[in-house]
Amino acid sequence: MLAFSTFLSSGGHHQCTTTAGGQACAPSTLQVAFFYASLYIVAVAQGGHKPCVQAFGADQFDQSDPKESVSRSSFFNWWYFGMCAGTAVTLVLLSYVQDNIGWGLGFGIPCAVMAAALAVFLLGTRTYRYYVTNAKGGLFARAAEAFAEWRSRRKAGPLEQASQERDRAAAEAPRFSAGVDEEDQAVVSNAGFVKEAKAILRLFPIWATCLIYAVAFAQSSTFFTKQAATLDRRIGDHFKVPPAALQSFISITIVVFIPIYDRVIVPVSRRYSGKPSGITMLQRIGAGMFLSLLSMVIAALVETRRLRVARDTGLVDKPNVPLPMSLWWMVPQYVLFGAADVFTMVGLQEFFYDQVPDKLRSLGLALYLSIFGVGSFISSALVSVIDRATTARGQSWFSNNLNRGHVDYFYWLLAALSALELLAYVFFAVIYKYKNKGAVHASVAG
């Protein structure tokens, strides 16, 4: 639909303006409606695709088999490797096609690639592993049943409450028989849901203490890019690096570092720890959070230098003039973020897949994704509040003229928040008890 929207006839008369690059005409209402409808469909599709397809891929490994358990840990590494390799190709190839050839082809290429990927996925239908759970109804349906049961207990008399408590205790016992009636099965189902809810809630401290990491991560595609636009981005005499292209250093770092992590770091650490994955999931996440903290410190130092160069060269009030400071100064902070992603992003994926009840693994990966959704909202709110507060005092930290702003102060603030978050994370990680793989999770099995 996105590709097709670029070919829709504008129809009617629309306002056109003449620019240095030629004539530009406003799109028709039909084009705009079709375009936004396409974007919303993509958003809905991603909401179903992202958490489910990764969980389905990890489900192909049998966690009771030691060899497959190790392979499943590697799966998350190579999954993220593939995602970032695709992102790197997109940044380099499709950005060129869209800018120099046309948006129709720019949208058409990923459409064709997705069609080919769907065909390959369907070819493997007969070979996939499928796990059947004994849960009846979806998560929300079981939540409604559990809530209804809770309300009925609240309204019941003392004798009825005692009887219901005995039924619930019996339901939590690990037994089933062919003669269990529907009422008893409903009690069992509700007891299982309560366990599932507890299993999800115990992940909340880890989820909450990763939000500042997501806030810091959001800066790599916002303020980092604005900073890069003010620097000398020339390579040679004729090529100028687009500011957004610097984000490819994150993807390139991930693509380079994941094989090193999977083939070198994991085997070496496995010798010392005796763990199949080398280090635990929470240790991996914490290591990435520390690297993110370092990245924000370096970003603050680089921005401090950039502001000093602007003052020393008299270019403070000339934001459109590139500063005599190379873009390579910004590469270390991008590289550190890429290394942090290898630890934290992949660690979070594996953690939220592994630690939720078996039948809620797609929800677990959705929880991982929600960290970055909520983190983006927090980032926007934080920027808005700081902008209003500093503007009232005379000069916004986020002035349109970055040479007059103080993004470095914002980076120092994020570094301080990251340090506090890391301390809180370490506390909750130390007291966290991993799910018992030998037990039955979130349900009573027969």
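Using the three backbone atoms N, Cα and C, a Cβ is placed for every residue, glycine included.
Any TrEMBL annotation is an automated prediction that lacks curation.
According to TrEMBL, the protein has these features:
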type: TRANSMEM; residues: 78-97; note: transmembrane segment
type: TRANSMEM; residues: 103-123; note: transmembrane segment
type: TRANSMEM; residues: 203-224; note: transmembrane segment
type: TRANSMEM; residues: 244-261; note: transmembrane segment
type: TRANSMEM; residues: 282-302; note: transmembrane segment
type: TRANSMEM; residues: 334-353; note: transmembrane segment
type: TRANSMEM; residues: 365-386; note: transmembrane segment
type: TRANSMEM; residues: 409-432; note: transmembrane segment
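Residues 54, 57, 105-106, 109-110, 242, 244-245, 247-248, 250-252, 254-255, 258-259, 262, 341-342, 345-346, 349 of the same chain, all 6+ positions outside the transmembrane segment (78-97), place their C-beta atoms under 8 angstroms from a C-beta of that stretch. When each of the listed stretches 103-123, 282-302, 334-353, 409-432 is scored by C-beta pairs under 8 angstroms to the transmembrane segment (244-261), 334-353 comes out highest. Sequence-distant contacts of the transmembrane segment (409-432) (same chain, at least 6 residues past either end, Cβ-Cβ under 8 Å): 202, 205-206, 209-213, 215-216, 219, 223, 282-283, 285-286, 289-290, 292-293, 296-297, 299-300, 303, 383, 386, 397-398.
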